[in-house]
Each structure stands twice: as structure tokens, then as C-alpha cells.
């Protein structure tokens with residue numbers, strides 16, 4: 001899958017924004033990547049799903065899991081693209097009906113490949129992995145579209161998980177600069193921010 005095409009498509013659909021933003025981690029950022037908009041752009045979502053699935057070549061897993069809420073649509077697209085069964089951990093356990101913590105069909109001992117939209121620090125990955133492992137599932141690998149290069153990959157590695165990213169935020173920024181989608185000032189501001197975060 002063409003990384004540059006995905007990068008430019010993300011920019012065109014408004015998934016990449018420049019300004020001043022507070023991330024879920026609490027960190028301030030001059031760039032914000034909102035992949036929730038992918039649900040409104042099926043062609044781009046389809047390309048993203050193919051690129052994400054390409055990153056899993058050689059990995060062993062029985063099913064995939066999408067982290068709520070941003071990655072449920074992404075994981076669903078990957079599931080349909082690859083015809084791989086999917087589950088997802090609920091953000092909060094149901095208090096009615098089945099009272100499930102995980103939606104979908106699975107067996108204890110199976111290996112689950114976890115998908116998310118991007119990674120900053122890794123905290124939300126651990127929140128989502130916990131109920132999967134508590135249910136007897138094995139998690140070894142996490143796949144994201146964008147690694148913001150802010151320590152998430154290292155945090156996952158410390159706990160024994162391996163991150164697979166389609167692209168880093170640095171590569172995304174370089175693509176936008178080469179394609180003249182960002183100004184020199186925006187490029188320098190984000191680059192300075194990223195260099196300070198590494």
C-alpha cells in the first residue's frame with residue numbers, strides 16, 4: 001500500500017490538523033490526527049485497512065480486536081478486508097443482558113492482534129489489553145496507522161508487546177512537506193515539538 005497516498009488522503013479528508021491541541025495523554029501538541037473521520041470516507045478507510053493488514057504479514061493470531069472507540073471502525077474494515085474474525089473490549093462492562101466485557105466470539109488461549117488508530121504514550125493500549133488478557137486471550141502485537149513517536153512503542157516493549165505502525169508522525173510530516181501541504185513554519189514547529197518529545 002502506498003504510504004504517501006494514505007498520507008495525502010488523510011490530509012485531504014481533514015484527519016490531520018495543525019494548531020494547538022491537548023491530547024488524551026494531557027500533552028499539548030501543534031498537530032492533531034483525528035482518524036475517527038475515516039468512517040465518512042469509505043475509500044480511504046478501505047486503503048487504511050489494507051495498509052494495516054499488510055503490516056501483519058508473518059504475525060500469528062486467531063482474531064483481531066479494535067480498541068474502542070476510534071479503532072472499532074478500522075478493525076471492522078480490516079476484518080472485512082482480510083476475512084478475519086473480530087472482537088472488541090468494551091470501554092465499560094455491560095451492567096445488563098450478557099454483562100460482557102468483550103463483544104464477539106472467542107476461545108480462551110487464542111491470540112488476538114490488537115488494532116488502534118495511533119499511539120502516543122501507550123496508556124490506552126494497556127487499558128484495552130487488560131480485559132482481553134483477563135478473559136484468557138494472548139496479546140503480543142499491536143498495530144496502528146500512526147506512531148506519534150512519543151514513547152508509546154517503548155512503553156509497550158517494556159511490558160512485552162510489539163508495536164507495528166504503518167507510518168510514524170515524522171514520515172507523515174515529511175510527506176506533507178514534500179507535497180507542499182504544510183508551510184515551512186508548520187513543518188519546523190511540529191519538527192521542533194517532535195524532537196523535544198523523543
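Glycine residues also receive a Cβ, built from the backbone N, Cα and C atoms like all the rest.
Pulled from TrEMBL, these are the features on record:
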- 44-155: domain 'Phosphoribosyltransferase' (DOMAIN)
- 90, 91, 94, 116, 117, 118, 119, 120, 121, 122, 123, 124: 5-phospho-alpha-D-ribose 1-diphosphate binding site (BINDING)
- 120, 148: orotate binding site (BINDING)
Pairwise CA distance, residue 117 (5-phospho-alpha-D-ribose 1-diphosphate binding site) versus residue 148 (orotate binding site), rounded so that it is a whole Å = 11
In this structure, the one of the binding-site residues 119, 123 whose CB has the fewest other CB atoms within 10 Å is 123
On the domain 'Phosphoribosyltransferase' (44-155), the mean of the pLDDT values is 93
Can you tell me how the residues of the domain 'Phosphoribosyltransferase' (44-155) break down into helix, strand and coil by DSSP?
-> 40 helix, 29 strand, 43 coil
Local Cβ density at residue 120 (orotate binding site) - other Cβ atoms counted within 10 Å | 24
Most crowded position, judged by CB atoms within 10 A, among 90, 148 as binding-site residues | 148
For residue 120 (orotate binding site) and residue 90 (5-phospho-alpha-D-ribose 1-diphosphate binding site), determine the Cα separation and express it in whole Å.
-> 21
